[in-house]
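Noted in Swiss-Prot for the protein shown:
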BINDING   Arg87, Arg97, Arg124, Asp214  substrate binding site
BINDING   Asp214, Asp238, Asp242  Mg(2+) binding site
BINDING   Gly274, Ser275, Ala276, Pro277, Asp278, Ile279, Ala280, Gly281, Gln282, Gly283, Ile284, Ala285, Asp286  NAD(+) binding site
SITE      Tyr131  site 'Important for catalysis'
SITE      Lys181  site 'Important for catalysis'
Amino acid sequence: MKLAIVAGDGIGPEVVAQAVKILDVVQPGVEKTNYDLGARRFHATGEILPDSVIAELREHDAILLGAIGDPSVPSGVLERGLLLRLRFELDYHINLRPGRLYPGVKSPLALEPGNPEIDFVVVREGTEGPYTGNGGAIRVGTANEVATEVSVNTAFGVRRVVRDAFERAMRRRKHLTLVHKNNVLTFAGSLWWRTVQEIGEEYPDVELAYQHVDAATIHMVTDPGRFDVIVTDNLFGDIITDLAAAVCGGIGLAASGNIDATRTNPSMFEPVHGSAPDIAGQGIADPTAAIMSVSLLLAHLGLDDTASRVDRAVEGYLATRGNERLATAAVGERIAAAL
């Protein structure tokens, strides 16, 4: 396996170091290449993501990312120049966000005994919607200013995400929920709903449901156990995945995969939390989400048994840690010891 590592900014290098520690335990011999991308490189060279680096990244099997963002860089510069560019250049049309409440982890929800287990995954479209930069503004700064952000949805883009979601549902509990707002967003909503129905005919064993996005947020709080696989567009997915993380114990336990399902490009895996510059360098950042990202990476590369080993070790750690606050390295050491 050839792995590109982008530790990034803030706590990124600290949590990635622990994720790599776990990877070395379960999958020795990985060929690793570190890339200095983020605020430090931007300040030193003015570069964000050179074309030459993109070409090098394409030669790897996967990418492990820490975190990007620093208050010394204007907002949006690194996010658009690095993260969004990677998303479009490497065709990350699927953003995968598991949502599971692990034993021993507290949820802010008042869950009743006997409620269904919270264990779902959100398959979010990653390259379309209103994030394509298709829009503009006129008469800026005047009382007559007009601004638009056009949401782009293509049959090609929707179909490939929906098919991936059905495939995941077949490997899980065989239930898929489309989340959209087709009573108001009638054109895009119709495309999504017709596509789900059409492709769903190829998966008769998968039970299909639909929820408006506002109803889905209610049910994610009142009855999250109803969900198995959720498929949705870029914007709605961006919103409900953060709610899902909160329901499952916080964004510090949320891992994600940015996936090119065609496997033409290396997919990228990362913890969802930000760079947290206020605690960077103190050795107190929780690396659990970064370690969970390694599990997603391994599963994507077909190493399911190895990924399951990491999952079980993380589950065991979370079940026993209680209110204990461990240093970053200590978390990695404890999970590594369990392996």
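If you go along the chain as it appears here, the first residue is 1 and each next one adds 1.
Backbone N, Cα and C define each Cβ position, glycine as well.
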Hey, does DSSP put Arg124 (substrate binding site) in a helix, a strand, or just coil?
strand
Nearest of the binding-site residues (Asp238, Asp242, Ile284) to Arg87 (substrate binding site) - Cα to Cα
Asp238
Of the recorded positions listed here (Tyr131, Asp214, Gln282, Asp286), which is spatially closest to Lys181 (site 'Important for catalysis') when Cα positions are compared?
Asp214
For Tyr131 (site 'Important for catalysis') and Asp238 (Mg(2+) binding site), the CA-to-CA distance in whole Å is 11
Pick out which of the binding-site residues Arg87, Asp214, Ile284 has the most other Cβ atoms within 10 Å of its own Cβ.
Arg87
Among the binding-site residues Asp238, Asp278, which residue has the largest number of other Cβ atoms within 10 Å of its own Cβ?
Asp238
Among Arg87, Arg97, Arg124, Asp214, the record's substrate-binding residues, the widest C-alpha separation in angstrom comes to 27
Could you tell me the maximum Cα-Cα distance in Å between the residues recorded as binding NAD(+), namely Gly274, Ser275, Ala276, Pro277, Asp278, Ile279, Ala280, Gly281, Gln282, Gly283, Ile284, Ala285, Asp286, rounded to a whole number?
16
